[in-house]
């Protein structure tokens, strides 16, 4: 990608630079470039295929791909994915948050006090709990942004502090019996128009409709982006390749929603997750705040000297993480219908792993929410697939650790090869 | 006729976009002090990095013959094993370790069971310190001694490695006269002990004083090697600058308007030592369309002045007044400074100016995202268009504005920095070393851009270490010494001699 000057060429000022290598011209080239760019996406498919084959039941179908299991995958991993959204932003800014598991437990406990012990209406309890999450985030953000203590230390302390506070709030026991609306956040499903198919199965039309809408939305959005890029004279992929890719993704989405429709319908957790992903992808890519996060992660000094209020960005980043940890805590509590003192243990590690498997850079400045979500799904499929196979948690942990290590190693390797080191 | 200890033959080294060295040849005789001269970016440091294994064998073309043997140096350890030791401009000492610990870093004296024998290490270090004439205990922490003494520790460290060829990259740049003299005497005394030295320096009087021969490099090529009788400052300058001196700066017809910026009594103190005055009651002004230079030696407080002015990004206890077009403004934060029409392009692009892992587009928009915001969202398309306009108007050589800035050459990176600030639409641009580390052709382009900005009615302040540059592009030059303005010279009266006189003036206290 160097812009070599021709020896003996005219004065340096007058030379126009030709297009780079013809990398953009063949469909095969595009596939290769895309594998490089979307390595984790392909890794997710590989893991899915692997476990789909490994979990083929005596009846001949794959247990992993059974509609009920696909539905479970979402519900079981939703809270990790919600945390991963915030975590990837924290990591992009060059920080880390070790406290999210404890904060989730703490907020879960608080919400139990509000919703069960104090008998508040469920939505008041939830709003107050989110506020508590924001305050927790502000507390940590204050030490990190304004006092200048490394996030590692502040959130390590937070991990202990909020676990302790969760125990204090719960007085070492559990709070159960949440109101049904609250519980729906974790294990509710939206199924409005099931049609019966045979004796034991049914398909929900609304779920299918949502799936169809998602596919249409994807097409519209992708085409608009493509037209926009072309209008501004940016490179676009060849049409055939572009459409082929969209069709493949659409088939994936279609199968996914078909599974949900065949199971219990759309999980409420998926709706929460979908809304959050849409909001945060926009925040990360299209808002000043989001851009500032990437600028700070890429070069903090340069960001400061460009007028970016780095402290304020750091502070609000942790407030945001606190709110997302609160949402994760509520969803988890709702799913179990219990706020327990041991809730959320290890969540921080799964969320951090998801962000890194999803391509976030340890030095900051690089990372995507989509990547973190896919990273989270890879971990989720590993967990789920290995559990179906009856592999104990001892081996599960080992495998997950190795996957994290290899994913980051691959990332470092491919970046070095493309000359992007430094 | 002495034999050569080192022959570098036809060394060529390329970086993406730049040929840093082209067929450079360097012959160094055993036991001499050999100076290498050249402008910034001429390729001196690159050549020394090739020699010391920083750029390993295989990344350059040509041969290195050391002690009559062709060598292939894969890394710094290889070159040190041969007795070639380089002391970089930025000292490579660990501030929280002791002198002895630094001297034997990665070269530790092992005692029984492979453990470090600190008693012996301290004793040996003390002997080395005596050899370089440094009266400090070997157990003193590096952070507790000054830069001059640290430089001596570096030399002691080199001696501990049984150095045959010592390379010093601008060793006196950060030293005061006394420390410089001591260092130069030391180099001569090492010569007496049979150690060959290569010294890279900008200070011609220094070179004349201690070197046995001088090689001049310009634009990555060897111009000539002079022996002791041939060395004159004029000849070195002529070689360094080249014959096309008159065409190195674009024509500039000044067209001054109203005063756009005035700074009164600007004073700033050291950030961690508030008793030290770093910028001392500086008064200056700039008119629309005027290019004003600030000259000063390293440590004179040029950058410190600019950064303290630009959102107090340097210093403590900052006082003084700033007026824009006659009206007092505040510049307490960078945002406030930018909003008030100031821009500051840093001397250190890579660490303070750019996000190297991001693309050109996002670097250009970084200081002005608000302009691209529509209903809370950034207009991507407009951002692309804007960046593309700058790519064309500033002649940024890159395949597209989506290219990562880290992959561009220094000159193109600097154009990105300038684009960023021009897009923020300032009235006054402070450009700190705008052409540092940039090749000659790109320098010309940067000067043209500076002229264009001035003709558009902006006020420009250029800070530079290169006097020819200031003389070539400025309309008026302030000289700064020890944090004070010691002279203000219109371009018609300015010459290197006049400026140096002011730059070295001791302020009356």
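Cβ coordinates come from backbone N, Cα and C, glycine included.
Heads up, TrEMBL stuff is auto-annotated, nobody curated it.
The feature transmembrane segment, as given by TrEMBL for the ranges A:295-314, A:315-334, sits at A:315-334. Taking TrEMBL as the reference, the stretch among A:183-201, A:202-220, A:221-239 described by the feature transmembrane segment is residues A:202-220.
Among the residue ranges A:1-19, A:20-38, A:39-57, the one that TrEMBL annotates as transmembrane segment is A:39-57. According to TrEMBL, the feature transmembrane segment maps to residues A:241-260, out of the candidate ranges A:241-260, A:401-420. With Cβ pairs under 8 Å as the measure, the transmembrane segment (A:241-260) is packed most heavily against A:202-220, out of A:143-170, A:202-220, A:266-283, A:315-334, A:354-382.
Below 8 angstroms of C-beta separation, residues 79, 83, 137, 158-163, 165-166, 169-170, 175-179, 181-182, 185, 322-323, 325-330, 332-333, 339-345, 347-348 of the same chain, each at least six residues beyond the ends of the transmembrane segment (A:102-131), sit close to that stretch. The transmembrane segment (A:78-96) and the transmembrane segment (A:143-170) are in contact, since at least 3 Cβ pairs between them lie under 8 Å (pairs 6 or more apart in sequence). Residues 90, 95-99, 101-103, 105-106, 108-110, 112-113, 136, 310-312, 314-315, 318, 339-341, 343, 348 of the same chain lie 6 or more positions beyond the ends of the transmembrane segment (A:143-170) yet place their CB under 8 Å from a CB of it.
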